[in-house]
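Peer 1: This is the structure, below, for whatever I ask next.
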């Protein structure tokens with residue numbers, strides 16, 4: 001792995017670390033349409049390019065015995081056999097539809113022999129490509145149907161059809177060349193006798209990175225094909241590579257998130273819009289770790305650019321004094337509780353501004369999207385309650401997690417998050433702690449009405465001056481109690497509506513009815529105290 005120059009943008013803020021960008025290239029496997037296919041992966045500073053490898057076929061399991069046994073059988077064989085090697089779970093498009101059932105409708109019935117009449121066009125011939133032949137111990141199979149040509153217009157042929165005869169000439173024992181010549185000499189009107197073979201369809205329909213790998217914003221580079229009946233000849237191959245370029249900006253690289261990885265060989269790359277997931281498999285654990293670190297490093301190196309774009313977008317359209325600078329934004333995983341008590345990690349995008357902690361399910365590239373987070377929590381009422389290792393492994397060690405608690409009118413809201421690296425954990429820990437303290441200094445004070453000893457009063461907590469309890473008298477107010485923070489001996493709440501404060505004064509413990517859940521003000525008080533202690537150098 002080669003490392004490029006440092007790339008962190010100047011002025012990105014103290015929360016942003018200096019990152020270097022990695023370059024890397026090598027062979028990996030890609031889960032594409034429920035199959036593992038070999039691709040050449042090339043990592044640059046801003047993108048990951050995947051190129052279909054010509055040797056990918058070597059990774060594919062050999063066709064099952066059903067296809068070979070077809071030769072010589074009057075009606076074809078093995079329709080009910082299955083192919084080995086298919087993964088139990090895939091993220092690509094579904095497999096081709098099942099062939100028509102037999103007359104009785106049984107799922108295992110052998111597909112019928114069909115007779116199809118095709119009229120050749122002046123240019124393009126039948127418009128099919130074929131594979132197989134006696135020398136390959138395979139039937140003659142339709143491997144490609146070219147859009148708009150004769151076979152396609154007939155609407156009666158499909159990929160995976162075995163050609164049994166052409167104008168009455170039996171092709172069950174034909175070699176590939178014999179089949180090609182029979183199709184070429186067939187004249188303008190061609191009567192084909194065909195039968196669908198389900199087992200070979202996944203292998204005939206070779207996955208294409210361009211068409212089968214959905215990814216918003218990816219740049220495709222697609223091969224073009226000739227319209228000949230003989231797809232096996234080198235003269236019909238086009239040198240253009242089947243290639244997909246994945247922009248890394250605001251992608252989420254993860255391990256052991258959406259797919260089990262018992263061998264620690266998988267890497268997951270989630271798109272910024274959360275709609276697509278790319279799964280890569282490496283040859284061993286060490287290689288997977290190396291690739292993951294490189295991809296993750298480059299994604300993180302792009303964050304200063306993302307922050308600059310976000311702040312420019314928000315600042316350009318906000319009203320005077322209403323802008324909230326985005327301090328940090330990145331993907332991580334949040335623990336979600338499912339029915340039956342089960343738990344699951346799911347991707348979540350967390351952003352920290354001057355005053356708020358925001359959670360999104362996709363990257364908010366527009367101001368409207370930014371204004372609609374899934375959750376929004378004031379930093380001054382939020383605290384970090386855990387940061388460290390868990391019990392399971394996202395890559396080579398235990399889970400790295402941190403938890404937040406926020407005081408709200410509904411009580412305490414808790415979130416457990418998982419990060420992928422120790423550097424991420426340290427970064428988020430620092431950002432949240434410093435962000436909460438900075439929010440306390442920025443907000444300065446909170447004030448709310450409440451009941452004390454049966455009368456309406458106002459409780460004000462000021463970051464510098466401490467506590468003030470006052471009573472409104474017409475247009476003026478009178479101060480009942482004023483205490484600095486160091487006079488607070490005890491604070492508590494009942495979790496419902498009452499806040500208890502004891503300053504050691506002659507009035508004793510004050511019971512304040514807040515008319516709603518006291519947790520928000522309790523958490524603000526904790527943040528003020530924590531920020532002041534840290535500022536005094538008593539807590540690092």
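FYI, residue positions are counted from 1 along the chain as it appears here.
Each residue, glycine too, has its Cβ placed from N, Cα and C.
Here the structure is a predicted model, which means the values were calculated and not measured.
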Peer 1: Labelled region 'Disordered' by Swiss-Prot, one stretch among 31-72, 73-114. Can you tell me which?
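Peer 2: Checking Swiss-Prot against the ranges 31-72, 73-114, the region 'Disordered' one is 73-114.
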Peer 1: Swiss-Prot annotation phosphoserine: which of 165, 211, 427, 516 has it?
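Peer 2: Cross-referencing 165, 211, 427, 516 with Swiss-Prot, phosphoserine lands on 211.
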Peer 1: To which residue among 224, 395, 426 does Swiss-Prot attach the annotation phosphoserine?
Peer 2: 395
Peer 1: Please report how many Å separate the Cα atom of residue 129 (phosphoserine) from that of residue 211 (phosphoserine), as a whole number.
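Peer 2: Here the two Cα atoms lie 19 Å apart.
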Peer 1: Around the C-beta of residue 129 (phosphoserine), how many further C-beta atoms are within 10 angstroms, looking at every protein chain?
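Peer 2: Counting Cβ neighbours of residue 129 (phosphoserine) within 10 Å gives 24.
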Peer 1: Which state, by DSSP, holds residue 129 (phosphoserine): helix, strand or coil?
Peer 2: strand
Peer 1: Which one of these modified residues has the most other Cβ atoms within 10 Å of its own Cβ: 110, 211?
Peer 2: 110
Peer 1: Taking only the Cα atoms, work out how far residue 110 (phosphoserine) lies from residue 211 (phosphoserine), in Å, as a whole number.
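Peer 2: Counting only the Cα atoms, the answer is 31 Å.
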Peer 1: Work out the three-state DSSP category of residue 211 (phosphoserine).
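Peer 2: For residue 211 (phosphoserine) - judged by DSSP and reduced to three states - the answer is helix.
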